[in-house]
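Here's what TrEMBL has on this protein:
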DOMAIN    B:78-261  domain 'ABC transmembrane type-1'
TRANSMEM  B:25-49  transmembrane segment
TRANSMEM  B:84-104  transmembrane segment
TRANSMEM  B:130-153  transmembrane segment
TRANSMEM  B:188-207  transmembrane segment
TRANSMEM  B:219-238  transmembrane segment
TRANSMEM  B:244-264  transmembrane segment
Amino acid sequence: MSDHPDTWSRPPFIANPWLRWATYIGLAVYVVWVLATIPIDWGRVVEGVERAGRIFGGAFPPSFERSGLLIDGFLESIKIAVLATAGGVALSIPIAFMAARNVAPMPVFYLGRAFIIVARSFHPVIVAIIFVKAVGFGPFAGVLTLVVYSIGFVAKMLAERIEEIDMGQVEAMRASGAPFLSTLFYAVFPQIMPRQIGLTIYQLDSNLRASAVVGIVGAGGIGATLANAFGRYDYDFALAITIVIVAVILVSEGVSGYIRKRVG
Amino acid sequence: MSSIAEQFGREDWTRHTPKQKARRFGTFAACAAAIAWALTSIEVIWAWVWDSPEQMGDLFGRMYPPDPTNLGAILRVLLETVNIATIATAIAVIMSLPVAYIAAQNTTPNRATLWIGRLILVTSRSVNTIIWALLFVAIFGPGVLAGIVAIMFRSIGFIGKLLGEAIEEIDKRPVEALEATGASRFKVIAYAIVPQVMPTFWAVSILRWDINLRESTVLGLVGAGGIGIILQGAIDTFNWPEAATVLIAILVLVILGEIVSAFLRRRIL
Amino acid sequence: MLKITDLVKRYGGGDPVLKNLDLTIEGESVVSIIGSSGAGKSTLLRCINRLVEPTSGSIVLNGTELTALRGAKLREARRKIGMVFQGFNLVDRLTVMENVQSGRLGYISTWSAIMRRYPKEDIRRAYELMERVGIAHYANTRADQLSGGERQRVGVVRALMQQPDILLADEPTASLDPKTSEQIMGLLRDLAGELKLPVIINIHNVTEAKEYTDRIVGMRYGRIIFDDTPAQLDQDAMDRIYSGSPHADRAEQTVAAQ
């Protein structure tokens, strides 16, 4: 009976021992290097504890005194989100068709993809500061920013959906002699419509969230109000704004989820 | 010969019933009204709007050609940006484990912990990284640390929520089997729950790292470290050719990040 | 020896699923429990290792009253009761060895469990048992790579690793094809003999029950209405076990009680 082995070890995650040890050592070296070189002023951090106490002390209780300002900021955020969603979705549709491998010719396809990659790669806040410099402070810069942001997401998802459509339906339309636009309306749109509606609602929710942020760099909406409150050390008003932002985001997420469930 | 329509006595067909039509019309009207309301009441100076294509063209014109003289410094700070994203993701992943555990209905010890877990997740998720960064810059002063903590705070909610959902969706049968062997709660978790959520754990961590890479590029705009500081500096001094270099560097970084995370996903999952 | 007395199990406020049930199992016999779906077979088995909480009654295994145990005491008692499941209940993403060793989790330290550092005698015993059932060459294979029969063999080895005083098998062959099913039944019978282990098997397949077990217990809606050797299970007994519907039976019971 004792001819059975009495040791066992789990098969390693990376089979090649050289690669395995190289990965482990590489990770360890990276962590040590980052911790050693990262410029953190620990003295300043210690002061931070006391400062945090002061900030939170100043923030409680949240102040809703200037609720007029709060409501105006929010209405502006909602307007920005609505306009950006409408514009972004409208522009996303042609870009998505450009970026779908199965319907666009190769050069157009690359152009469409490039649009989407650029729109996706830049955080809305970066896009916002550029637009603020180009078209001035205010909600218009916010709308333009979120249009770009919407294209990055909606056009990408829509292009993927278009690439998945059943070409049989398109062929059937062509076989019956339907012209290009009719084919589009009868064979392609019905297939992408449910996804399109879901994406639009999702993006409206996303844009509302993002509109709270782009304001911090001057692109209008509640974010501008929040940044001002922070800048003036009005921490109680800042907390009030934050609470309302969280509440609105939760409600918006709930509503958007409910509608998408109903539609999709 | 009679046509089909004559045979069956019907010549009109509509796609939607009147009630459906009314609902569709109502939805369209509501959307149109919302857009009209936003358009008419938003406080923009329309002259600027009509002027904007020209302004944009002018701006991009001034960016060209990008000025690479500061490329060395830009790349160094870009690396710092990657470090912020990576360290913050790593810490957030570890900190989100207990949160996910108490926020999942099937593993949470009791109702109170469930609600604490959910409260942490909601707070973390609903406040954007930039807003967290504003707060931590006020606390810790401008610098990398504020950025790391801001990204951590936002990521805990994201990772914790997805991981918690993965825990709720596990196959309960192995858990039952290990309970039947008399294993303690902790060992049941280690052997029956952990292996089942491992794929989600890796997928979510990689996904969040990718997102954090993007987020860490803007932290500098509120003073929380990373490449954003250089971008802000270049824009404030109207050094548009350098700003263009920074933007290109960010674009390359984000695309590389996406390639790396796609590679890791393929290898690990 | 396992002695069940006056066992009642009621889910919520409904009719009891187990009604004042008595059952004694002595020695190393292989006992099968038959009965239609909903008869309470699975509930009975799960009451023994307390995966299901009995409403009232007593279950005594080798002198230990199981129904009163809590926490660490309950886990200690469960270590002595092996269980094999219909759906195998393996951890798919772990290797066969880890699945098998998970039967020993109650005996080893948490640290060893996490580091996968199992005691030498456990590893040797695992290889012996795996070889006995023909899966030793799969030690490093992930459980989800195996076929159904192989997976159930892993399940059996995991239960035997506990060195149990009794083995419970809940429909161990219901997810398997007929040939594999017979192999697993044969294996359970042979292992019971070799390890001098009493085995209780819930089973739907009466032919297999007759062929592979020493004693058949027939349940009908929460009661034992047949308990004898396979030879005594005639058509008349079969009809009594498999007739009626749970609802009609429970209603009848209620009327009788009034």
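The backbone N, Cα and C atoms fix where each Cβ goes, glycine too.
As a quick check, the transmembrane segment (B:130-153) and the transmembrane segment (B:219-238) clear the bar of 3 or more Cβ pairs under 8 A, pairs 6 or more apart, so the two touch.
Among the recorded stretches B:25-49, B:84-104, B:188-207, the one sharing the largest number of Cβ pairs closer than 8 Å with the transmembrane segment (B:219-238) is B:84-104. Packing against the transmembrane segment (B:84-104) from elsewhere in the chain are residues 113-114, 116-118, 120-121, 144, 147-149, 151-152, 155-157, 159-161, 163-168, 189, 201, 205, 208-209, 212-213, 215-216, 219, 225-226: each is 6 or more residues past its ends and has a CB under 8 Å from a CB in it. Using a Cβ-Cβ cut-off under 8 Å and counting only residues 6 or more beyond its ends in the same chain, the transmembrane segment (B:188-207) has close neighbours at 89, 93, 101, 107, 158-159, 162-163, 166-167, 170-171, 174-175, 177-179, 261, 264-265, 268-269.
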